[in-house]
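A short worksheet on the structure shown next.
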Amino acid sequence: MIKSMILVALILAFASAKTCKYDSSGFQSYWRFANNSIMLQFMNTDIKNNQWTGIGFGDDKNNLVGVFFMVSNNQVTVRTGSTTEHGPPNFNQNGTNMGSSVSTQSALYFPEDETMSAVVQIPVQFQGRNLQSCQKWRWIKSGKIENGQLTRNSKSPKDKKVCPMECN
């Protein structure tokens, strides 16, 4: 019930601008471009405690920058960094790089149905990339967190060529 109310509130919050959507097995994402940033609602509907997930940006699968979500002790932590298609993320010092900080609006984990949902605001100029331009976005399923260390993700990320201003 609470999860549904939060999802409806987030969708209504996105309704004031053109909202884009990605829905694929295990993921639901909504985003909109406004005020030189991208407001992203990221949901992974198949993530367990002590796992990580994320979204990477870039056409080169071996050189992605992204926002990563760690679920540990049923709490969600948000960090930024870089990764490859299967590698665990390398985090930026203090989670930011080159002044491009990500603002977390909400981050929740629902252990009873293994769903993680977060709303983040990402600056268009993000870690040396212009997210306003068309490029691949890659939804990373999950990797384990073992003794505080992130392991490789075992499945290839789902990708989509995204032009944030066009909702393609």
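Counting begins at 1 with the first residue displayed.
Placement of Cβ uses the backbone N, Cα and C atoms for every residue, glycine included.
According to Swiss-Prot, the feature region 'Disordered' maps to residues 148-168, out of the candidate ranges 64-84, 127-147, 148-168.
In this model, the domain 'DOMON' (25-143) carries an average pLDDT of 91.
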